[in-house]
Amino acid sequence: MGKGGQDEGKQSPSPHGSQPPVFLAWARDQQECEAFFKVDSCIGLTSIEAHTRLDKHGPNELERHAGPSVWSLILDQFNDTLVRILLVAAVISFVLAWYDGDEGGETSITAFVEPLVIFLILIVNAIVGVWQESNAEKALEALKEIQSDHATVIRDHQVISNLPARELVPGDIVELRAGDKVPADMRVLRLVSPTVRVEQGSLTGESVAVNKTHRKVEHEDTDIQGKECMVFAGTTVVNGHCICLVTQTGMHTEIGKVHSQIHEASQSETDTPLKKKLNEFGETLTMLIGIICVLVWLINVKYFFTFELVDGWPRNFKFSFEKCTYYFEIAVALAVAAIPEGLPAVITTCLALGTRKMAQKNALVRKLPSVETLGCTTVICSDKTGTLTTNQMSVAKLVAMGYRSGSLREFRVEGTTYDPCDGVIYDWPKGPMDANLQMISKIAAVCNDAGVAYAGHQYCANGMPTEAALKVLVEKMGPPGEVRYVRNNSISETTEVILECCQQWSETEHRVATLEFDRMRKSMGVIVKSASGRNSLLVKGAVENLLERSSSIQLQDGSIVSLDENSRTLLLQTLQNMSSTALRCLGFAYKEALSEFSDYDGEEHPAHKLLLDPLNYPSIESDLIFVGLVGLRDPPRPEVHKAIEDCRAAGIRVMVITGDNKNTAEAICHEIGIFGSHEDIAGKSFTGREFMSLPDANRLEILRQTGGLLFSRAEPKHKQEIVRLLKADGEVVAMTGDGVNDAPALKLADIGIAMGITGTEVAKEASDMVLADDNFSTIVAAVGEGRSIYNNMKAFIRYMISSNIGEVASIFLTAAIGIPEGLIPVQLLWVNLVTDGPPATALGFNPPDKDIMKKLPRRNDDSLISAWILFRYLVIGLYVGLATVGVFIIWYTSESFLGIDLTGDGHTLVTYSQLSNWGQCSTWEGFAVSPFTAGSRVFSFDSNPCDYFQGGKVKAMTLSLSVLVAIEMFNSFNALSEDGSLLTMPPWVNPWLLMAMSVSFGLHFLILYVPFLAEVFGIVPLSLNEWLLVLAVALPVILIDEVLKFVGRCMSERDIAARRPHDKLKVA
C-alpha cells in the first residue's frame, strides 16, 4: 500500500482477472500512457475491445470473501475449555437423571434442573458469540459502500454518462466533474477546468483537498501523496473537470489493496489477554477436576467394590452398581462445584458496565473484550492531526511592516479554535488600525473562500482550514476603519453573524474575479471592486513566491517603498525562523495598477479571456506590493501534555505516526512532551521510508527504546509494519486512525481506535473503539478505566474462584469422611449462577485505585491469580469446606453449639461414628429415629429408619447450603481489595455490593420459604436458632482473611524495601 500502481502486475492471480504488467503511469506523459493502453483519449475504447478486456481483467469491484458458515461459528463457540467442561458435566447430569427415572427413582423436574440450566447457559453463550463474530467483516462491507456505482465514459467516440462502474476496464477514458466519486485508479490526461481538487484524505491521511495536474511526476519511486497526476478509487472530486485514463480496477486499485489487508488482518486476530488467561485457567481447572474426581472415587471405592483375600489372592469380588452410580454423581457434583458457571455472564456484565463508563468519557467501545485489553496497553501509536492537535488551524503569529524600510512588527496571536472570541492579539495597538494592518485584514478577509459556522456547540470551518483561520484572525484584528473594539465573549448559538468584520470587508470590496490557487505559482488572487469604483488585485500565498513577484512593500503608514535587498533578507529570515517552529507561513500582497483589468467587471469584459488560461496568472500577479505574513499551525490540544505525562507515569510509551512532514511533527512532539525540550532526537525521529530501509534487528532496537518515538511521512504499510513488530515483541498496542488507509493497521492492532468526528465508516468498522471527540486524552482516560475494570474483574474472579474452591472442599471432605452428601448439584448450580452472581457483578463497581495510572502496565504473561492469592483462597476454601461439612455434622450429632439450642425440631441425635458409616445402617440392631418438624412439614421414619440419612438429611443439607451462601456473602467483603483491610476500605465504599448482598440473601430466602421452590431444591425453612448457628459458623471467614491480608501487606512492604536499593542503583 502507498506505492499505487508500482506493485501492479506483482500480485497473485485474482478471481477477478489479471491486470496489465507493471506500468508506472504517474511517471509517464500522456502520449506514453495512451500508447501503452492502446487507446485514443478522444475516441476511447471500442465496445468490442472493452468487452474483451472485461473478460480478461474481470469486473471493477472488490472481492466478496466467503465468511464462515453459521455451523462453523457455532462449533467455534465450544472451542473453549470451560465451555467443554460444562458441556460434559451437563451431558453426564442429564444421563444420570434419565437413568434414575428409569430405575424408578427421582423423576420430578428437580432431576433435570441442573443439566437444563447448563445447556441454557451454553446456548446463550453460543448465540452471543455467533452474533459478535458475524459482525467481524463489516469493515469490508463499509469499504464497498465508498465505491462509485456509475461513471461517465468515452467509448466509440461517444460519451456514455451512466456506465456501471463495475464494467470499467484498464484503458477506459473517464470524465470526472465536481462531486463525482472516482470509480477506479486513473491517470489524469488533461484538465478541462483551470484546477481540479480531489479529497483523498481518507486514503492518504491528508487533511485538505489536493490539487491534481496532468503533468507527469519526475520520480518513479514516490508515495501516494506525491502522485499528483493520479486519482484513486473511492476518493471524491471537490471541484474542477478533467479527463482521465483508467490504469487499475477492482482488487488492484489502492482501495482494493486496503481491502486485502483488512481481510488478512481479520484472519490473524488473536485472543485478548483475559481470554488467554481464562483459557489457561480452564485447562488447569480441567486437570484439577480430573485429579479430584479420581481421588473421590479412590477414597470411596471400598463402598461399591469389595473382595476377600483367600490364600493371598483376591476372591469373592462384589460390585454395587447403585453405590458406584451414587459416588459418580458425587464426582459430577464436584465438577459442577469446581466450575464457575456464572463467570462468563459476570465478565460480560462487567465489560458492558465498563463500556457505559467509557461512553461517558467519549470512548465508544464496539467490542466488549477491548475494555479489558485497554487495561494492559503498553504502547499507544497515535496519529498527530486531530488527535494530538485540535485539527483546527489557527494563526499564531502576525508579522506586519514597520514605520520604515527594514523594520517589522510581530504580534503573538492567542487561540486554538475557530471561535473568534478564543484569545486575543498581544501588544495590539489601541485605536484604529494603521493602513498596513488594514490591508492585511482586507486581503485575509476577501481573498478567501472559507467560512466559520456554529454547530454542535462548537465552531467549525466551512472550506479550507487555513482560510477559515485567516477569517478568525480578521475578527480578532477588528472592523475596518473603526476604533478597535472588544468582542462580546458570550456569543450564543443563535448568533447570526459570526464573522462580522469579514462581512464588512466583503460589503466594501466586491469580488469580480478569482485567480485560483495552483501548485506552480503557489498563490491565490482575487480582483475586487471597491466602493470607490477602483479595481485592485489581492493575493495570498507562499511567502517566497510572493516576494519573488513583488517589487514594493507597504509601510505602517500606508506609504509604498521599493522592496530592497535588506527588507527581502529580513523577511526571508523571519520566514525561516517561523518555519523552524512548525508554523505554516502565508504572505499577503496587493496590486492597484491592473492595466487591462483596471475596469474589469465580468465575463463580458475583453480581458476575461486572459483569466481562462491559468498560465497567465503569474504575469497578472506580478509587480506586487508586499504587506505582511502570518504563521499558522494546527495547535496541540491543551490537555494532551498532561495526558502524555500520565502515560509516562503509567509506563505506557507513546509513538506518533503521522503523514505530516518531519519538521512540523518534531516541533509538535517537543511541545506536547513526547520529546524533551532539549532532547537529542536523532535516534528517535524517522520518516517512514528511513525506518523501513533499516534491517529488522535495527528496527526492533529502535522500537524497544524508552521514551517517545516519531515516524513522519508514514504510509499505511509503515503503520502496519510498526504494529506487527511491536506485537511480535510482546507489546500490547493501541493504534489510532481515521482513514480508509488506516483500517488494516486498526484491524491488526490489539486495540484499534477510530476517530468519531473525522473518521471514515471503514475505519470505524475496523476499530475496537471510537473516540467521540477525536481526543488523545480520551484514550488515556479509557486506559485508566480499562485498568480499573480489570482490577474489578480480578476481584470478582477471585471471589467466584474462592467460592468454588470452598464448594470443592466441601464435597471432597464429605466423600473423604463418608458422611451423606451435604450439597446436591442443583443447589451448587443455584449458588454459582444466582446467589454468587449479584455480589460478583457489584464488585465491578468498585471505585478505582487513586494510583491506578502510576503503576506499570501488567505483562501479558502476568498470572490472573498469584501464588499468594491462590494460597489465601485455598485457606478460605478449606474453611468453607469445614464450615459446610461441620454444620451438617453438628445438626446430626450435637444438642447445641456455642450455646445455641438445636433440639427444638425434635430430631434424633446420632454419633459421629454412625454418621460416617451410615451405609451400614441396615445392620444396626435396634436403630430407631423419632419424627422431626421442618417448617410445616413432619418427617417420619417408622417404616425405614435408615432413610434418616437420606430423606432425613434435608434440614442438615439446608444448614450446609445456608452456611455456604452466608460465607460467600461475607467473602464478597474480603474481595473489595486484594490486600486492603475492611477498616480502610469498608463495605459502604461500594453501596452496590451491599444492595447485591441483599438481593442474594433475598433470593436464598425465596427458595427457602416458597414451598414449591423449596421442594425443587430439596431444602426446608430454618428457625431463628438455626439462623444464629449459620451466622456463627459463617462470620469467622472475615477474620481469617483479615489475618491473611495483614500477612500479604507485610510481604509487599518487605518486597518494596528490598527493591529500593536496586532502584537507587539504577537511578545512579
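Residue numbers in this text run from 1 along the chain shown.
Positions of Cβ are set from backbone N, Cα and C atoms, glycine also.
Range annotated as transmembrane segment by TrEMBL, chosen from 797-816, 957-976: 957-976. Tertiary neighbourhood of the transmembrane segment (864-892): same-chain residues 277-278, 280-281, 794, 797-798, 801-810, 812-814, 817, 819, 822-823, 902, 907, 909-910, 912, 915, 953, 955-957, 959-960, 963-964, 967-968, 971, 974, 978, 1029-1030, 1033-1034, 1036-1037, 1040-1041, 1044, 1048, 1051, selected by CB-CB distance under 8 Å and a gap of 6+ residues from either end. For the domain 'Cation-transporting P-type ATPase N-terminal' (24-98), DSSP puts the residue distribution at 47 helix, 1 strand, 27 coil. Taken as a whole, the domain 'Cation-transporting P-type ATPase N-terminal' (24-98) shows an average pLDDT of 81 in this prediction.
Sequence-distant contacts of the transmembrane segment (957-976) (same chain, at least 6 residues past either end, Cβ-Cβ under 8 Å): 795-796, 798-799, 802-803, 806-807, 810, 821-824, 827, 831, 835-836, 839-840, 842-843, 846, 876, 879-880, 883-885, 887-888, 891, 934, 982, 985, 987, 989-990, 993, 996-997, 1000-1001, 1004, 1008, 1017-1020, 1022, 1026-1027, 1029-1031, 1033-1035, 1037-1038, 1041-1042, 1045.
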